[in-house]
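Everything on this sheet refers to the single structure shown next.
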Amino acid sequence: MCHVIVTCRSMLWTLLSIVVAFAELIAFMSADWLIGKAKPSSSDDVDNRTGGSQEPYHPTLGIYGRCTRIPQMQFTRRDTLCGPYAENFNEIASGFWQATAIFLAMGIVILCTVAFVSVFTMCVQSIMKKSIFNVCGLLQGIAGLFLILGLILYPAGWGCQKAINYCGPYASAYKLGDCSLGWAFYTAIGGTCLTFICAVLSAQAEIATSSDKVQEEIEEGKNLICLL
């Protein structure tokens with residue numbers, strides 16, 4: 001018989017696992033990893049509302065995508081074009097960024113799998129006498145290592161020609177030049193830290209759902225067990 005067991009620690013772990021997976025996925029897909037040096041608008045670019053010229057803008061560059069302003073375009077609220085600059089994996093600007101994409105993708109696949117499984121841990125806590133919480137915690141630890149490797153390799157690609165075009169001639173490996181880091185990079189770092197926190201919380205979720213109090217309520221015949 002399926003017993004639905006919900007505790008504060010198990011629910012926190014489940015929610016945090018889902019948040020981490022989405023955060024890493026959104027960061028990976030974003031073009032806001034590097035914010036390029038300011039580029040002046042063309043003399044022909046005129047703001048429709050004020051009649052004056054547009055302020056300088058900052059193009060952004062991601063692992064495989066970019067956002068830039070379209071020249072000679074009539075300005076609207078969406079005056080930038082975002083999309084992948086690489087049509088295939090081999091066109092990613094740097095070998096280091098290719099390695100980053102591989103490691104991040106592996107980590108994100110694991111995190112998304114764990115997030116999906118975590119939803120069902122309220123009803124199923126073990127498979128083949130193995131705790132799902134412990135297995136998921138181990139997988140999250142492995143995913144965190146993949147994410148760390150990807151984030152360490154990413155700055156090594158700042159010396160590629162694509163990054164130099166955005167960040168100026170002083171950009172090189174682990175040197176930003178005229179660029180600054182975007183929110184996607186910080187989100188990836190934050191998600192990596194939370195991944196290891198999730199791995200630790202998984203052990204606490206296992207303890208909470210297998211406590212003596214839970215066993216007592218199961219013996220009393222309860223199918224829905226909610227504990228603080």
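Glycine too: its Cβ is placed from the backbone N, Cα and C atoms.
Per TrEMBL, the feature transmembrane segment maps to 12-35, 96-120, 132-154, 183-203.
Same-chain neighbours of the transmembrane segment (12-35): 58, 60-63, 65-67, 82, 101, 104-105, 107-108, 111-112, 114-115, 118-119, 121-122, 133, 136, 140, 147, 154, 158, 163, 166-167, 176, 179-185, 187-188, 190-192, 194-195, 197-198, 201-202, 204-205, counting only residues six or more beyond its ends whose CB sits under 8 Å from a CB of the stretch. Beyond the transmembrane segment (183-203), the same-chain residues lying 6 or more positions past its ends with a Cβ under 8 Å from any Cβ of the stretch are 9, 12-13, 16-17, 19-20, 23-24, 26-28, 30-34, 62, 104, 107, 111, 114, 133-134, 136-138, 140-141, 143-144, 147-148, 150-151, 154.
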